[in-house]
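Annotated domain 'Protein kinase' per TrEMBL: 12-283, in sequence order. Annotation comment: TrEMBL describes Lys41 as ATP binding site. Per TrEMBL, region 'Disordered' is recorded for 303-453. According to TrEMBL, the compositional bias 'Low complexity' annotation covers 388-400. What TrEMBL records for 441-453 is compositional bias 'Basic and acidic residues'. The repeat 'TPR' annotation in TrEMBL covers 660-693.
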Amino acid sequence: MIPEPGQRFGPYEILGRLGGGGMGLVFRAWDARLHREVAIKLLHDEFSMSGMRERFLREARAASALNHPNICTIFDIGDRDGDPYLVMELLEGETLKDRIMHKIIPVDEIVCYAREVAEALAAAHAKGIVHRDVKPANIFLVNKPNGKSQAKVLDFGLAKIESNARSGRGGRSLDLTTAGATVGTLAYMSPEQARGEVLDSRSDLFSLGVVMYEMATRQVPFKGTTSALVFVKLLNHPPEPVRDWNDSVPRELEKIIFKLLAKERTQRYQTATELEEALRKFSEKGTGGGWLRRATIPLVKAPDPIARERRQRQRLSEAPTENFDEKIYPDSPPRIPSRPEPPAARPRSGEEAFLRPVARVPRGSGSPAPLNQSGALPAIPGIPTGPVSPAAFQAQSAPPETAAAVESGEISGQATSWEQEPPALVPTDLDPTGRWPAAARESDSETTRTHYDDSGYLEPRRVKRTPPWVWAVAGIVGAGALVTGIVFAVHGGRFRPMMLTEKDTLILTSIENRTGDKALDGSVSEGLQMALRQSPYLALLTRDDYRSTLQQLGGDGSGLPGEVNPVMAHKVAERLGAKAYIYGTITGSGAPYTIHVEMQDTVSNETMATVEEHVPSQEQIATTIDRISDTLRSDAGEDSDSIARTHVPLSREATASMEALHAYTLGEAAARMGQPVEALAAYKQAATLDPKFVRANLRLTLIYRQQRAEVAAAEAARAALDGANAASERTRLIAQYTYEMNASGDYLRATAIIRQMLTTYPHDAEVLSDLARALRLQGHLSEALQAAQQAYAADPLSGDAYTQAEIALIGLDRYDAALQLDMQVQRLGGPRDGVSLIAAYLAGRQDLIDAAVAESQTKTKHFTLAWNHGLYLDNSGRIEAGTAFWRDRAATALEVPGLASSSSTLLSQGALNRALIGSCGEALSMAREAGAQPRGPIATFNIGMASALCGDTSTANAAIDALASGYPQSTSVNGYYIPDLKAALALGANDPEAALEALKSARQYDLISLTPYLRGRAHVALRQVQIGIVDFQTLLSHRGITFTVGSDVYPMAEIGVARAFADTGDHGNSASAYKSFLELWKNADPGQPLLSEAESRTR
């Protein structure tokens, strides 16, 4: 309920409403006890939950402990009919947001306000309070009697509620689908806050850096049309230099701002006090007047931070007049040559040099300003087009009404001289015809003398008059040369308008099939996507981006073009925040076909480029796509040299077969919908139709690997590498990486290849995801997580990037963060791969466990889900259910073409888990079943280890031989598979010293192998019990990664510790370890030997 004037809240009488924010409404009130006006803040009705109210009051109490002149004081807190309220001091003035909107902030005021905010933050941080929402709207500039302002920070301690609880009010939501010019307070968020990490005081300092940047430039450093794009800029891109927008800002202050904006918190100022000290020293250094000069106008004079492109600006000292336009507009038409200026012009002051008007072409259309009929550039609002007076300069910094008067001519100016330079775009010496005035042109007299005022130039010598016919011939020749040059320049792309920059994203939505031929559904779209992706210039979003967004908008998540119209295509582009989008049609009831493609500006929906091609036959569609791709790349602004250097025909980069492209499209749609078996069938059909179709084989490799089909994945990887010889460099490197990861197993070489790719494609989400996978499989989890985060920052809809990040988070024991990320994937509509079951189990979330198990039981042919489900059952001691599950899913895998090795992987995993707990009968039986199927290195190792632990030395030795001969370059085989197998055999032969010798070389792989468990057993056997306990603790200290490696070894490490302590007579610690094991197996099958052992030792 909104209170009315006169209504009372305790001793406070409501006088009127002042405003409202995301958390509540603020009212002016009268304190009847102390006879003063105060401000009362009420909590929004949407925070009506009792827990939220308590949190509101708890945070308010914490904030009320802050007593500082730069913090808005909280006088009282109260409750009226269950509605909590805050009583604060009433402030008179304006917010910093309003100040930035309406006025230019001089450098000395920027420093002053920043120091005051830093002092306020220091006081709060000293009491353990992190603001979490530092932004201009939360900084109030209080009017002081001397006419100056004092900064006060608002809402201390309340932003935490906003971050966690607000919904639907423009709060700090990481919803990647929110559209808007600049997205809420996300623009002031620190990178660690965006990643959902634990925050400390340095997060507030980053936000203060954003505020300082905005005060100096009137724009935020990380901007975008959606939160997803802001997220990308925040995590991956440095801000543009402050001085590019306002060169009155001293370099020392710019360095302070950029240190605050460091991505890594360790590289920022570590405390607010340290920042305040730096600002104080800067102020003292500047008191001599070096930087205390008149505030200049930043290039963007918008009331709110907006995304607006701007070209590089050069000072007059760096840009001679005759080349000034070419430096500011490198892609503009050549301007009319100007007469040479005197080389020794009068020196200008710094202020005059800066205030010379510089016209900028609006970027809405992406085109430079055209020449008018006279050959001069047209007038641009705010830039005079005639002689320029000092008044015109004054208008730049004058109030709006004054500026308007200047433009209308109401304020007269002084006479123009060459000492006061004209605007950069318009030569003041041109007469209305666009030519130099008569006084400056060559006269008809026999001789001509050119005068320069105090120029020091020598007088031109007298020349004889040239006959008219000579001038005529010279004119014709010159005109011909000029036309030829222009033709070549335009043909080379040098004078084309730059429609897109490298920062502008482009989305190919749909090439709608209107032919009635189903074989063309998706074919042209996929082919054009593959052709355009060769460009290093275009920031092309993926087809998954398109499909996910289409699904969010209520369309068919498969994204097949026959389902999409131009209106929906435009909506997709808007939601993604793309600068431009491509939409088109293919028509014709059979050959010949017509392909019509348009590139549209997303904001204005104006056509940026149009291509139409007539295709005689279906066989020629691929070559037509090549031409369309080259044309679009050229029209977007890419130069011809780049296009020629990177262009590879579609027939070599992908396939010329429309049937194969259509099958590939069906595979992509099925994979997107979480249907791996259907996806495999479609990709297989595409690869069968064209065995050299590299992309189809790459996708087959990925799905096979996800389905645990090692043998099929290796075969597809070899096929991809064989077909990549004639493809683009990017495709060749991806194919080589895929081969090393899935066929040779050389993770080190794969990592080197993918790092090489990153030098060329630093923001490619697919490349970053591949790097994350390679690093994770080597145990480098922190680096893997960073790469995965960069991947989904570059492409917020990349499913594989989220998967790699989730697994890395689990490996780092950050289970809640993994679950949050999984929920994000669910909101985005992406496919889920069962990782949530692992995270939920390790986090103890039974509700989520039940949901994930139910999903696994319905998706019987999703074998990643099956693998995780089986591990969950075994690790929780439900061995009988696990045995039945492994066998059932292995039998199901045999029903799917190509997944026989999935059956082997699943059975071998069950065999290893049972061998570890000593259930050798079942272990050896499952190992024999697995050995009857095609198997890769993982299944071979699992079979060998199960056999070695259970005394089948012949099978274990056969596994060693098979691994050594079949995978001589494999990182895992040479690094720890063979050493672990040899150690297990030595332990079985009661030779612990030989076991330790075999394990020496594998220590670096402790976190991703059974090595520490086997080493612990060997040390205990040698009576080196304490060392053995340390080995077991290596596993127990890293539960997440131990689980993701895949085995039942974590509970067995607890048993190992318990037995080791018992051997030393330390029954207290032994019983504690057994209790930990019982907690892990609290739902275990009754009668399990290990369960009985643990229960007997804890009585």
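Note that Cβ sites are derived from N, Cα and C of the backbone, with glycine treated the same way.
Whatever TrEMBL says is automated annotation, not expert-curated.
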What DSSP reports for the repeat 'TPR' (660-693) is 27 helix, 0 strand, 7 coil
Who are the long-range neighbours of the repeat 'TPR' (660-693) in its own chain, taking Cβ under 8 Å and residues 6 or more past its ends? 518-527, 543-544, 547-548, 557-560, 654, 699-700, 703-704, 706-707, 716, 719, 722-723, 830-832, 859, 861-864, 896-899
Other than its own, how many Cβ atoms are within 10 Å of the Cβ belonging to the residue listed as 'ATP binding site'? 24
On the 0 to 100 pLDDT scale, where does the repeat 'TPR' (660-693) sit on average? 92
I want to verify one value. Collapsing DSSP to three states, which class is the residue listed as 'ATP binding site'? strand
